[in-house]
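First comes the structure, then the notes that go with it.
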Amino acid sequence: MGIVQICKGEYFWLEPKNAFENFQEPDIGLIALAFLQGSFAYGGWNFLNYVTEELVDPYKNLPRAIFISIPLVTFVYVFANVAYVTAMSPQELLASNAVAVTFGEKLLGVMAWIMPISVALSTFGGVNGSLFTSSRLFFAGAREGHLPSVLAMIHVKRCTPIPALLFTCISTLLMLVTSDMYTLINYVGFINYLFYGVTIAGQIVLRWKKPDIPRPIKINLLFPIIYLLFWAFLLIFSLWSEPVVCGTGLAIMLTGVPVYFLGVYWQHKPKCFNNFIESLTLVSQKMCVAVYPEMDAGSRTKETNEDTEEQRQPIYQPTASKDKEQPQP
């Protein structure tokens with residue numbers, strides 16, 4: 001439809017003199033905030049990293065998937081927006097609650113119902129990808145001992161992390177207490193980029209401090225350095241533009257600190273606390289029909305030292321019981 005509109009001469013807002021016209025006073029903070037909200041649409045580039053254990057030949061397929069998906073998604077999103085501005089002015093874009101639906105109403109006539117259905121399917125696709133990957137994040141954290149051990153269990157037949165999926169569902173519902181979608185995007189976007197930057201900075205530090213460790217996937221350091229520069233611009237000016245929203249996001253993130261000290265750092269817990277965790281774990285295990293996954297003996301390398309083994313221990317290790325004697329997948 002965008003191509004048809006351009007061929008018909010409907011490209012007024014694509015001309016440079018109109019496309020870059022300022023409708024409000026330029027502000028560096030608002031520009032950073034626009035980048036933060038716009039980048040949410042491209043936020044899936046790193047999600048595949050969470051499920052590398054379930055990939056076939058991840059060292060080859062992980063970079064390949066990222067290299068293919070980022071240009072493809074960029075192409076689709078940019079040209080979708082080009083199509084929108086052939087039928088709508090920037091003011092109409094800002095005023096619309098669902099730009100694609102408004103676009104369909106303007107150009108598709110009686111077939112306008114296709115757009116809301118397409119938007120719904122796209123939304124469900126995004127939710128499906130988020131559920132698939134985010135639950136594995138909690139699963140891996142529990143396996144490393146940073147979250148309750150029940151989250152490291154999988155279903156006895158389907159081998160899916162049911163407790164981690166349910167935990168993802170509950171945490172998602174808690175995020176919906178706010179009805180302002182843009183505020184929620186700012187919360188999530190700010191915290192996501194904060195952790196992205198810390199992770200990539202860690203990559204640079206490891207490349208400097210441990211240059212000889214195995215790196216199956218290795219890139220030039222120029223790319224993470226460029227990313228960190230953009231990251232610093234994004235976070236600093238977003239915080240300056242929306243200090244309350246970004247500060248609230250930081251406060252939500254810091255709620256994990258007492259949970260860490262209570263569950264991980266505090267080693268000598270009272271017996272009543274352990275009994276409560278044991279009962280909660282057993283009830284959750286029976287409700288979800290879940291057990292600990294069987295570990296492949298050959299998957300642990302000889303270089304794994306005692307400190308690493310200690311970190312792998314869950315927050316609570318239940319005593320032997322009938323529930324643990326059932327066959328594992």
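The backbone N, Cα and C atoms fix where each Cβ goes, and this holds for glycine too.
Here TrEMBL flags 297-329 as region 'Disordered'.
According to TrEMBL, the feature transmembrane segment maps to 28-45 (among others).
Residues or ranges marked as transmembrane segment in TrEMBL: 66-87 (among others).
Here the transmembrane segment (107-127) has Cβ contacts under 8 Å with residues 1, 5, 44, 87, 98, 100-101 of the same chain, all six or more residues outside its ends. Per TrEMBL, the feature transmembrane segment maps to 107-127 (among others).
The transmembrane segment annotation in TrEMBL covers 159-178 (among others). Proximity of distant same-chain residues to the transmembrane segment (159-178), defined by a Cβ-Cβ separation under 8 Å and at least 6 residues beyond the stretch ends, is recorded for 131, 134-136, 138-139, 142, 150-153, 184, 187-188, 284, 288-290, 293, 329.
Taken from TrEMBL, the feature transmembrane segment covers 184-208 (among others).
The transmembrane segment annotation in TrEMBL covers 220-241 (among others).
Residues or ranges marked as transmembrane segment in TrEMBL: 247-266 (among others). Within the same chain, residues 145-148, 186-188, 190-191, 194, 239, 315 sit at least 6 positions outside the transmembrane segment (247-266) and bring their C-beta atoms closer than 8 Å to a C-beta of that stretch.
Between the transmembrane segment (184-208) and the stretches 28-45, 66-87, 220-241, the greatest number of Cβ pairs separated by less than 8 Å involves 220-241. Residues of the same chain lying 6 or more positions beyond the ends of the transmembrane segment (220-241) and with a Cβ under 8 Å from any Cβ of it are 27-33, 35-36, 39, 186, 190, 193-194, 196-197, 200-201, 203-204, 207, 247.
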